[in-house]
Amino acid sequence: MDHFSYRDGRMFAEDVALDTIAAEVGTPVYVYSRATLERHARVFREGLSGLGKIHLAYAIKANPNLAVLRVLANMGYGADVVSGGELARALAAGMPAHDIVFSGVGKTREELAFGLDSGIGQFNLEHEPEGVALAEIAHQRGLRAPAVLRVNPDVDAGTHAKISTGKADNKFGVAIADAPAIYARLAALPGLALRGVAIHIGSQLGDLRPLETAYASVGRLIAELRAAGHEISHVDLGGGLGVPYREGESLPSPADYGAMVTRATKGWDVELMFEPGRVIAGNAGVLLTKVLWVKPGVRHPYVIVDAAMNDLARPALYDAWHDFAAVAPSGERMIANIAGPVCESGDTFAMARDIDAVGEGDLAVFRTAGAYGATMASTYNSRALVPEVLVDGDRYAVVADRIAAQTIMGAERVPDWLT
Ligand code: LLP
């Protein structure tokens, strides 16, 4: 459930009309709803009630805007970060360092040191050499780095290939069969306080069974590690819960997920950690856009909007579906293709889609754009970097400026030897 709904024929974000934001901030613009973010954060936590002490680390890659992070920090969420840049954001937003988990397959030594010096709560090690490097850096500082080992369970998450992470040939984690030996070697290093394992098999999961299978193999691994004398106190179960992108689509709820986790982790006796991203932010945002032209097409007209693949990359990258709705629908429908201004055929949001009839100058939204939207934006075709707005009841604030193409050009220079 979200807080984007129609009142008297106009779409509102909470109590703010989207046409007001379009008039005052311009389009394209991402619009987030604080109430929706808070609701999702609450519902996800409630789904996991009954699991004892848990740790919630919002995967900030989904939407790292500082204002969004502040909302979630206020809801008691920590952060799952995958780069020094994300770590800096989580800290800047006021997330306590000890609530931050550092994931990612390519952390540099500098990033590991940054994490240590910031006093973060946990490093999720992706492979043995990374663990050895972290142990060295920590040891030099007289520290023991809290860490878990990420394992790859070789499970097909049943999601888009580009966002699947738990298959044997994906780049993530160590093969679960190799984990006991690697764990033993890392646990012996004085610079590490190795305390458990981590897993994350993919994103936009619509079926809980692959997750349950993966968690079962983690359960067997924990037993094996304990039998070898290791103390296992933390297990990070990752993120991945999907959200509905199409009206009427039904996905497992946080409560369904919680019930599965309760079943799958029975008797583990550890602190469970979670890294939800999309399920928190996805439905809490829309991309507000304006129709520039309606251009005749061979079979269907092309609705050319002012948002493009550089603003919302998901359809071009993953053939992802985002519902499209007029801000002030007339009640008429049309079958159309929806595309942006970028000079690639890939800059197409939908083909032959049954949509609200729209014409030049009309406003519309792509829904469910709060996760992996603005954060994946680029300036391709020398377009401005899309701005972001956070709505809270009847007020809103621009929480990220539109960065003009001229500003970006200002960071470039032609060397004076290039005559
Ligand atoms: N933890 C780890 C280690 C991850 O790699 C990810 C996502 C998450 C947590 C959060 O997953 P979520 O709960 O959001 O599914 N750009 C793609 C999604 C990439 C996800 C990458 N990893 C998209 O737009 O669909």
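Quick reminder: no glycine exception, Cβ is built from N, Cα and C everywhere.
From a predicted model like this one, the values you see are computed outputs, not experimental measurements.
For the pyridoxal 5'-phosphate site that TrEMBL gives as G240, E275, P276, G277, R278, the extra residue drawn from Y183, Y215, Y318, Y372 is Y372. Summarising the substrate site geometry, the residues cited as binding it (R278, R314, Y318, E344, Y372) extend over a maximum Cα to Cα distance of 27 Å. Proximity of the recorded positions (G277, R278, C343, E344) to ligand 1: a Cβ under 6 Å from the molecule is found for G277, R278. Proximity to Y372 (pyridoxal 5'-phosphate binding site), defined by a C-alpha to C-alpha distance within 10 angstroms, is shown by none of the recorded positions Y318, C343, E344. Spacing of E275 (pyridoxal 5'-phosphate binding site) relative to C343 (active site, proton donor) is 36 Å (Cα to Cα, whole number). Considering only the recorded positions K61, R314, Y318, E344, the residue whose Cα is spatially closest to the Cα of G277 (pyridoxal 5'-phosphate binding site) is K61. Put simply, K61 is the one of the recorded positions K61, R314, Y318, C343, E344 whose Cα lies nearest to the Cα of G240 (pyridoxal 5'-phosphate binding site).
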